[in-house]
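S.K.: Structure below; questions to follow.
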Ligand code: AHG
Ligand code: MN
Ligand code: MN
């Protein structure tokens, strides 16, 4: 019998599809301090829900699941049908997995106790980000944060398990349902991005070890509120325009953030007299993206403080957000500070 070793043949006839998310998660498991396999399973559960939400998102125009659901959420915002569907899909996936004891979601008034007190983890989620863009076929997203519970495993879930600052996240990620669907996540050892290959039903590593440019030439802000902006912010925007930076604002935080992470830029959602803490939510939006930003070498602040160090005091707490290339965030903050003295 003749035996010959396998030699990988990188032929143009059969290009390599690369590494699947499942295999990558398994390989990286040992990098993680609590390498028990449960976090890996939890990430896989999220990836599965993502595939289902991706399917719903793609057929929204055909399946009568576009448009408003007819109710408002706890923040007084009109829920879209897909907001509700995505919330159910993610919560269900997290319930079935058994690793999670509680979920907090932008779409639920209260903490959802999954009645699984042996679960080690707590998940905060914005199931569908940019929902005003669903009906107009523009990129939308999902954002999630994973924390380790602080009360003993096996005991009932407490508020302190939920109210943890972002620097306690053990993993965070986002999904962008865009021209392709991508899942980007970190467990605190760098950031990796995966692109969904629809016909194979798998995410493949497409953006290994993502690093944000230190500086950029894109500013992303809804300038409709300009008259209400602080003078410091107005001065910073003036400088951006004098330098002929590009204005890019999709209105889906995930999409704006993702572009700026890849190309360099700053995303700003400021406070204003009517909304002194801005619009975006600390637990469901800012914390996860801030963790990813820092892991990729970018920065995230509320204009004064590092987002990850803010101690949450309420579930649906909002925060102003300045996030993106470190040089730009720093400069924006210096313009704000000048007007505060
Ligand atoms: P959500 O759909 O989860 O409520 O989030 C919408 C957010 C964010 O994605 C986006 O950047 C911002 O709201 C847009 O707000 P404006 O329309 O006020 O610019
Ligand atoms: Mn959102
Ligand atoms: Mn949302």
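A Cβ is built for glycine as well, from the same backbone N, Cα and C atoms used for every other residue.
Predicted automatically and left uncurated, TrEMBL annotations should be read as such.
Keep in mind the model is a prediction, meaning the values are calculated, not measured.
Below are the features listed in TrEMBL for this protein:
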- 106, 126, 128: Mg(2+) 1 binding site (BINDING)
- 126, 129, 285: Mg(2+) 2 binding site (BINDING)
- 129, 130, 131, 132, 222, 249, 279: substrate binding site (BINDING)
- 20-208: domain 'Fructose-1-6-bisphosphatase class I N-terminal' (DOMAIN)
- 213-336: domain 'Fructose-1-6-bisphosphatase class 1 C-terminal' (DOMAIN)
S.K.: I'd like to know which of the binding-site residues listed (106, 126, 222, 279) lie near ligand 3, counting only a CB under 6 Å away.
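M.R.: The ones that qualify, in sequence order, are 106, 126.
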S.K.: In whole Å, note down how far the CA of residue 128 (Mg(2+) 1 binding site) lies from the CA of residue 285 (Mg(2+) 2 binding site).
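M.R.: If we compare the Cα positions of residue 285 (Mg(2+) 2 binding site) and residue 128 (Mg(2+) 1 binding site), the gap is 11 Å.
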S.K.: Give me the Cα-Cα distance between residue 129 (Mg(2+) 2 binding site) and residue 249 (substrate binding site), rounded to a whole Å.
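M.R.: Distance (Cα to Cα, whole Å): 14 Å.
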S.K.: Tell me whether residue 130 (substrate binding site) sits in a helix, a strand or coil according to DSSP.
M.R.: coil
S.K.: How long is the line from the C-alpha of residue 249 (substrate binding site) to the C-alpha of residue 126 (Mg(2+) 1 binding site), rounded to the nearest angstrom?
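M.R.: Rounded to the nearest whole number, the Cα-Cα distance is 19 Å.
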S.K.: Where among the binding-site residues 129, 130, 285 do you find the Cβ with the fewest other Cβ atoms within 10 Å?
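M.R.: With the binding-site residues 129, 130, 285, fewest surrounding Cβ atoms within 10 Å: 130.
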S.K.: Using a Cβ cut-off under 8 Å and a sequence separation of 6 or more, which residues in the same chain sit near residue 279 (substrate binding site)?
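M.R.: Correct list: 269, 318.
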